[in-house]
């Protein structure tokens, strides 16, 4: 087997040459100094949903429930309810600390508390892209929408918070993990929703598309409505980092516009760190906390509405 590192340009506009990694190698070197393990915390390749592991059955059951429940009506209702941002007010760091209580049931690669993954991602990016502080912060906050699991946010079930995301309102692409369970989704046989374009038009832009509801879309709404000064690429990463059908299989590209295509370059950079930084390596939280607090103060208000 050969793993290819995508060819793209770095933040200075210089080309980065793709690297072939053979099956004899045990580590995957990404764009800079970051070295990622070839296997996840359970000894399997990353995002292998068929690997015989203790989490396989629970992950598949998660996606069955997710694919049945994520309908256009459900997404619209959740966006309207949570888009009010009337649950609480708290800082970004306070939200990070809340995530200590949760483990993502949809993730076949990691069973550590979420704050560990946030810091692993952010620190890996920081080493390779030292001048892109907005990207470091995006790595830290990209999963903060998982506070939807908390009792103070309605304690939504995991299938409505985590997992791969995908558009609703048009056909479910076959590249989506465990696609077979969409056959039980009420929208699957609805002629208004089950065609290539569905309720959308070619090149309409992903911001016009209803994505399956979860932590990605929620954190996007929180950041946008609280007037963050993160660049558009940061918001794009937050909303679409779980959209694997797009950035892994290139599905739904017919809905993208020029801004989406430009931001996609940064999402592909980010995704490697989001995925391959997952490990049992612990981050010294107190050591890195001052740096991330400075970034939070730069790009966000002190208190945010959630």
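Cβ atoms here come from the backbone N, Cα and C positions, even for glycine.
The annotation substrate binding site is assigned in TrEMBL to 47, 104, 105, 106, 146, 163, 164, 241, 242. For residue 241 (Fe cation binding site), the number of other Cβ atoms no farther than 10 Å from its own Cβ, over all displayed protein chains, is 23.
Per TrEMBL, the feature Fe cation binding site maps to 117, 142, 143, 215, 241, 274. The Cβ of residue 215 (Fe cation binding site) has 27 neighbouring Cβ atoms from other residues within 10 Å, across all protein chains displayed.
Separation of the C-alpha atoms of residue 274 (Fe cation binding site) and residue 164 (substrate binding site): 13 Å, rounded to the nearest whole number.
Residue 146 (substrate binding site) sits 5 Å from residue 215 (Fe cation binding site), taking the CA atoms of both as reference points.
Taking the C-alpha positions, the distance from residue 143 (Fe cation binding site) to residue 164 (substrate binding site) comes to 12 Å. Around residue 142 (Fe cation binding site), the same-chain residues at least 6 positions away in sequence with a Cβ under 8 Å from its Cβ are 118, 121, 219, 237, 238, 241, 270, 274. Using the Cβ center of 117, 142, 143, 215, 241, 274 for Fe cation, the list of other same-chain residues with Cβ within 8 Å runs, in sequence order, 118, 121, 216, 242.
Other Cβ atoms within 10 Å of the Cβ of residue 164 (substrate binding site), summed over all protein chains shown, number 22.
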